[in-house]
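Swiss-Prot lists 2-183 with the feature domain 'tr-type G'. Residues or ranges marked as GTP binding site in Swiss-Prot: Asp14, His15, Gly16, Lys17, Ser18, Thr19, Asn130, Lys131, Val132, Asp133.
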Amino acid sequence: MKNIRNFCIIAHIDHGKSTLADRLLDFTGAVTEREKQEQLLDSMDLERERGITIKSHAIQMDYVHEGEEFVLNLIDTPGHVDFSYEVSRSIAACEGALLVVDAAQSIQAQTISNLYLALENDLEIIPVLNKVDLPSANPEEVTDDIVDLLGCDPSEVIPASAKTGLGIKEILDAIINRVPAPSGKVDAPLRALIFDSVYNPFRGVETYFRVINGSIKKGEKIKFVATGKTYDADEVGTLRLKQFPRKEIKTGDVGYLITGIKDAREVKVGDTITSAVNPTTEAVAGFEDVKPMVFAGIYPVDTEDYEDLRSSMEKLQLNDASLVFLPESSAALGFGFRCGFLGMLHLEIIQERLEREFDMTVITTVPNVSYHAYTNKNPDDVILVNNPSDLPEPSSLNRVEEPFIKATIITKADYVGNVMGLCIEKRGEITNQTYLTTERVELTFDMPLAEIVFDFYDRLKTVSRGYASFDYTPIGLRESKLVKVDVLLNANIVDALSALLHVDNAYDIGKKMCEKLKELIPRQQFDIPIQAAIGAKIIARETVKALRKDVTAKCYGGDISRKRKLLEKQKKGKKRMRQVGNVEIPQEAFMAVLKLND
């Protein structure tokens, strides 16, 4: 046990976690020449293309240091704020962390939020300055930033380049010398932390775990604490590039477990595995059910594909237990699902995976967050509003509460004004402003989650020329004045375009929606009024003008009554058409509502 080291790599997006992991694997010989490829641990095509890590991965390496053999378990973590719970569980499975900072970009918001997670779990932090070979790198200044943040000695910061392989040996030596060995009781009852699960179509769910006390043997009966279900450990082993079956996994080590579970929802990340015969009394602390933050409707473009969409969603859920969905129907779009996601990136990824892996073309409605509504009749009973149509009638509504977050934004000092302007426009309240260095400022805001869902991230990058980085944590619900804005086409409500908005923004957004739809809806043979309404009150209107034939073209001479007769006849026809006419909404219209400011 004293020769095991468990560590993870934490960094902001794009600071080079996955490439550094590749180099560590090369250096320790965990990968043969034939298996090498860029971002080896990112197994999804999507992860490779976008250059992000979506799932956590784990891999074991052997390394000989001063004649002794050591086993290193690397747990790779996602960098994106949507997956912060997954990161926190991976961190809890380690004793040390490599804090990777890009020498050109310095410390960013997620570097700090993941660092706090690591410090809360008492991890030994090894700072690594990555990308020092870049022409734009600024190693001295960034080293000072790291020293300020961690309070460490400048000599402890390891300069490295994952691209060229510089500093890799120093990193491995630092892991062995500075990261403590696992401390656990070998003879205590089994207690292991689940930090990830992967669905394998042939063998069911593979559970990745780290043993804290005791050991887990092949064939023994085990129990998951949160769900209370018992299983047989059909196979246990360690994770090399391929799985490596073993008879038992001992205290302090990381491994995988196959029990033949077919439903990923039974394996909860952060849960505790214990023996069914001799269970542990205390579970590993910090487990929580992952709650979706953002909701959107997903509908098949062709209503007949509903069943295919259902089976695709179920297959995705096997691999991604944080996805939740319920059937719902809409008058405009037919049958579909109301889905819950961890954040906007998660929503995009699911949509892309549906298109890629299952060839489904889907329509996504306006994403919104989950509100709590209270009626006058029962002011204490919470009504969960995940869909604008669930909001009670305005007359019976007592109050609505919406989720707030604490947003941390790190930006260059030159852009503070722009960033503040954007956050205040998004109903944020500034709570703190700290200068990290003379150049870089950390701003914290309390703001509604709903404002971030739309286009906040893109606009933040725009106003700061790409320099600002952003991170958030939920801080609970607050009361807020919200109204439901409906969009009417030809006097019919289009339920898929309804949105819950704050009173102050309702008029502006309603007007913008109407203008945007006017551009996108093709002209028909009759006038189409597009209206935005709060309840029965119309707040904005645009009209898509009719296409009309010039009926008077065949009249020579000037008899006005003849012309008038033809025009009146045309007018009657158009009126009749409008009563029976049906307006098709193009797919772009639904997406365009999300990008109102372009």
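Using the three backbone atoms N, Cα and C, a Cβ is placed for every residue, glycine included.
On the structure: features taken from Swiss-Prot.
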| residue | record | CB count, 10 Å |
| --- | --- | --- |
| Asp14 | GTP binding site | 14 |
| Gly16 | GTP binding site | 23 |
| Ser18 | GTP binding site | 23 |
| Asn130 | GTP binding site | 29 |
| Val132 | GTP binding site | 22 |
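DSSP gives Ser18 (GTP binding site) a helix state. According to DSSP, Asn130 (GTP binding site) sits within a strand segment. Per-residue confidence over the domain 'tr-type G' (2-183) averages 76 (mean pLDDT, predicted model).
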